[in-house]
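Below is one structure, written out as structure tokens; comments come after it.
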Amino acid sequence: MTVAPPSPNSPAAELQQRPPRYPGEDTTPTSKREIWGWYAYGIAAEVFAVCGVGSFLPLTLEQLAREQGTFKSSHLPCVGPGSPSTSVNGTAPAMLRRDEAENDQCVVGLLGLNINTASFAMYTFSLAVLVQALTLISFSALADYENNRKTLLLAFGFIGSATSMLFVFIAPPIFVLGALLVVIGVTCLGSSFVVLNSFLPVLVANDPSIEKASKPAEELHPMSPDGEYIHPRDSFSASDAESGPHPAAEAGSGTSSGPASPELQLSTRISSKGVGLGYCAAVLVQILSISLLFTLSKTSISKVSGTLPLRFVLLLVGIWWFSFTMVTRKWLRARPGPPLNTANTGGQVKRWRVWLRLVGFAWKSLWKTVKIAVQLREVLVFLAAWFLLSDAMATVSGTAILFARTELKMSTTLVGLLSITATLSGMAGAFLWPVVSRRFGLKSNHTIMLCIALFEIIPLYGMLAYIPVFKKWGVIGLQQPWEIFPLAIVHGVVSGGLSSYCRSFFGLLIPPGSEAAFYALYAATDKGSSVIGPAIVGMLIDATGQVRSGFFFIAPLILMPIPLIWIVNAEKGRREGVAMAQRLEKGHETEMSEQTEEAEGLLARGI
């Protein structure tokens, strides 16, 4: 729906900070209700990210495949009658079973190959993030225009929640359909967060607490569906880049030591709180999930299938995601962008042609964004670092859950407690890192580097088990289940800091007026890289039969972004972004002038 601007006599109009930049722009001051609408979606989807993707989905996929799999050497079923791990009554519930076949791989046949059941989960998530990257590229750039921002957010939220709920119908014989649901759910999750991120600069820009310069805003104009500008789209005047360093440049490695801008401070505060609230919701649902698992273990349900209790948990997660998405639907304003012309001058365009044109526009818009980004050194360096860092984060998360389940032989209940530990730590980290950063005067990139250094502890500690003396002891190096819990605290604290700081730090470098397009590039970089790590670890598992071998890949991967983050200069990046906006504006003005002169020449010749 189209959101009408406030009437001139309304209280909201009196608080309006700036005039609209294009016809139909909603410049209503951001309200607390609207911010809570933004928070609500994080509360909704973070539950699926943590409880689903982060813990129970990998376990469910692995267990579904395991119940159809056989041991590689003996060819006996991994679960069920005749299995070495089967209990006296012929069943082996997933939440209670500890495999006795210590030195044999459980494999499942797929496409003519025997795949380790743990690798099956890793490969599924690699495919999921690949599809996710293609999807968000195709749709998220459209969020800058009309009401697409909110429409896409709700569509991804409702479809994603449905996939989680549908898991209750996935039995072991159709475990491949479970992989399909994972691909759809993960795709919707990541794509929706991209659109959610694009709301953040808009909410900050319209917040009453942000003081605006007393100058007229540049008008934003429509863009044609073929990706060409009808008129320059820019929100900053030329004086922005000529006025010297931007005050927001507190987070770089340059010489600036000035305070952060009000916009960056507010953006970081909202972002950090959003991450923290999401973690709070995830902890609550995780506790409910463990309670549900424990209750079902006392019934005959777990004897029907070892995955059935897990599938009930995913049903609960899907219901939660759907419910809070409804809150976002009610409270978050659409904040429409400039119009995107889809009509043909010859008449009504067929619907499928309109969508093809829009998807083509999205890819063309991304390509234009890439061409702009490669001219912005600080953006390019940060994206290179983010490519490596996001791959490391995704790989560690997936590997840790499967490591706990297959190497440490932890029950599903203990894995759930492990996830709660990491989530609580992540919640603390989201609120703690801004305090630490202010207390010690750390710039944003220095805070990110500190998080990365702590993150490196995880794979290094896991590799200690290869040292003969520790291996002989049977402890140290993640050889005992209790050892993984302190590392879960480290993982949570680090992830909480990286999630909020990387998102807000990148927002500082974005050319004004291109928030959704650049956050699409940010997410495409994230998801594009996250295809690589899990797939490589999956191949290592297939080759060695051990999840632990993945640490040899993860350890150097985590360290590689540090020098890149160090050299990012936020002050310079902000100036480059504003200067790029000016060049684009001048280029579009020249193009429009040439088109006008050509038209006048044709008219003069009577054509």
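Cβ coordinates come from backbone N, Cα and C, glycine included.
The region 'Disordered' feature in Swiss-Prot is assigned to 1-29 (among others).
Taken from Swiss-Prot, the feature transmembrane segment applies to 41-61 (among others). Beyond its flanks by at least six residues, the transmembrane segment (41-61) meets 94, 120-121, 124-125, 153, 157, 160-161, 164, 167, 175, 178-179, 182, 185-186, 189, 192-193, 196, 274-275, 277-282, 285-286, 289, 307, 310-311, 313-314, 317-318, 320-325, 327-328, 332, 397-398, 401-402, 405, 412, 415-416, 418-419, 422-423 of its own chain at Cβ-Cβ distances under 8 Å.
The annotation N-linked glycosylation site is assigned in Swiss-Prot to ASN89 (among others) on the grounds of sequence analysis.
Here Swiss-Prot flags 119-139 (among others) as transmembrane segment, drawing on sequence analysis.
According to Swiss-Prot, the transmembrane segment annotation covers 151-170 (among others).
What Swiss-Prot records for 188-208 (among others) is transmembrane segment, and it gives sequence analysis as the kind of evidence.
The region 'Disordered' annotation in Swiss-Prot covers 235-263 (among others).
Residues annotated as compositional bias 'Low complexity' in Swiss-Prot: 247-263.
The transmembrane segment annotation in Swiss-Prot covers 274-294 (among others). Through the fold, the transmembrane segment (274-294) approaches residues 38-39, 42-47, 49-51, 55-56, 95, 309-310, 312-313, 316-317, 320, 324, 412-413, 416-417, 419-420, 423-424, 426-427, 430-431, 496, 499-500 of its own chain, all at least 6 residues removed from its boundaries and within a Cβ separation under 8 Å.
Only residues 6 or more beyond the boundaries of the transmembrane segment (307-327), in the same chain, are considered here, and those with a CB under 8 A from a CB of the stretch are 37, 40-41, 43-45, 47-48, 51-52, 56-57, 59-60, 63-64, 67, 93-95, 154, 157-158, 160-172, 281, 285, 288-289, 292-293, 296-297, 301, 412. Swiss-Prot lists 307-327 (among others) with the feature transmembrane segment, giving sequence analysis as the kind of evidence.
According to Swiss-Prot, the transmembrane segment annotation covers 379-399 (among others), on the basis of sequence analysis.
What Swiss-Prot records for 415-435 (among others) is transmembrane segment. If one looks beyond the transmembrane segment (415-435) by at least 6 residues along the same chain, the residues whose Cβ comes under 8 Å of a Cβ in the stretch are 50-51, 54-56, 59, 268-269, 272-273, 275-276, 279-280, 282-283, 286-287, 289-290, 293, 400-401, 404-405, 447, 451, 484-485, 488-497, 499-501.
The N-linked glycosylation site feature in Swiss-Prot is assigned to ASN445 (among others); the stated evidence is sequence analysis. Annotation note: ASN445 (N-linked glycosylation site) sits in a helical segment as assigned by DSSP. Other Cβ atoms within 10 Å of the Cβ of ASN445 (N-linked glycosylation site), summed over all protein chains shown, number 24.
The annotation transmembrane segment is assigned in Swiss-Prot to 450-470 (among others) on the grounds of sequence analysis. Long-range Cβ contacts of the transmembrane segment (450-470) within its own chain (Cβ-Cβ under 8 Å, at least 6 residues beyond either end) map to 389, 392-393, 396, 400, 403, 433, 442, 476-479, 483, 487, 490-491, 493-494, 497-498, 501, 548, 551-552, 554-555, 558-559, 561-562, 565.
Look at Swiss-Prot and you will find 485-507 (among others) tagged as transmembrane segment, backed by sequence analysis.
Beyond its flanks by at least six residues, the transmembrane segment (519-541) meets 116, 118-119, 122-123, 125-127, 129-130, 132-133, 136-137, 140-141, 143, 190-191, 193-194, 197-198, 366, 369-370, 373, 383, 386-388, 390-392, 394-395, 398-399, 503, 506-507, 510, 547, 549-550, 552-554, 557 of its own chain at Cβ-Cβ distances under 8 Å. Under the heading transmembrane segment, Swiss-Prot lists 519-541 (among others).
Just going by CB pairs under 8 A, the stretch in 119-139, 151-170, 188-208, 379-399, 485-507 that sits most against the transmembrane segment (550-570) is 379-399. Against the transmembrane segment (119-139), stretch 188-208 shows more Cβ pairs under 8 Å than any other of 151-170, 188-208, 379-399. Tertiary neighbourhood of the transmembrane segment (151-170): same-chain residues 41, 44-45, 48, 52, 60, 64, 139-140, 142-143, 177-178, 181-182, 184-185, 187-189, 191-192, 195-196, 199, 307, 311-312, 314-315, 317-319, 321-322, 325, 328-329, 332, 334, selected by CB-CB distance under 8 Å and a gap of 6+ residues from either end.
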